[in-house]
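The structure appears below as structure tokens.
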Amino acid sequence: MAKNRFNQNWLHDHINDPYVKMAQREGYRARAAYKLKEIDEQDKLIRPGQVIVDLGATPGSWSQYARNKLAQGKKRDTQREGGIDGTIIALDLLPMEPIADVHFIQGDFREDDVLRQLEDVLEGRAVDLVISDMAPNLSGVASADAARIEHLCDLALEFAQNHLKPDGALLVKCFHGSGYSQIVEKFKQQFKVVAPRKPKASRDKSSETFILGRQLKQPR
């Protein structure tokens, strides 16, 4: 009974969520687009000519926002291939519906085949910005969930270390709670500038937060 009440309350909140309504109106696949938008407007992350990698991209709202941002200022028809000033590569274990001008690679980015596909698109270029909205399936067991969250952040940090430009940036989703301070410390070990971000589009009841790292301390 309590579970049904929880589901009904969540559905009510979701339907009446202004960000959900705005996403539907503006064509975004998820309200998460506005989290990235707010952080981008604050920190000026996305700029013309950049190479951007979106980890855990499905359903694609972050890639959509990045694509729209890179399309601004293009005089040609931005719905056609080549309609953005830059490159966006989206990766996920799950399938994703195509987005114009976004290269999608399905698979585990730790595997050689996926990395080869990534390198084919990069054509020797380093990455300006890595964004990760990856999140594990939470079990409700705090210690287990903290370990899963930290693992995903570790994967994003390793990917960034291997692919970012020296002055590049990494933005990842994490959660306040057990293990959060360890994640922040790992960011500080890897980046010169580290800042937490809690966009207004992130639900008040959620412990979700984001960590932004800029300028690698030891670029490869």
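Cβ from N, Cα, C; glycine included.
Same-site candidate for S-adenosyl-L-methionine binding, as annotated by Swiss-Prot with GLY60, TRP62, ASP92, ASP133, chosen from ASP43, ASP108, ASP113: ASP108. LYS173 (active site, proton acceptor) is 5 Å away from ASP133 (S-adenosyl-L-methionine binding site) when you measure Cα to Cα.
TRP62 (S-adenosyl-L-methionine binding site) carries a helical DSSP state (H, G or I). Residues 19, 31-32, 34-35, 37-39, 42-43, 45, 153, 160-162, 164-177, 180, 183-184, 187, 189-191 of the same chain sit 6 or more residues outside the region 'Disordered' (197-220) yet have a Cβ under 8 Å from a Cβ within it.
For LYS173 (active site, proton acceptor), applying a Cβ distance below 8 Å and a minimum sequence separation of six or more within one chain yields SER132, ASP133, MET134, ALA135, GLU208, THR209, PHE210.
In the shown protein chains, 12 other C-beta atoms lie within 10 A of the C-beta of ASP108 (S-adenosyl-L-methionine binding site).
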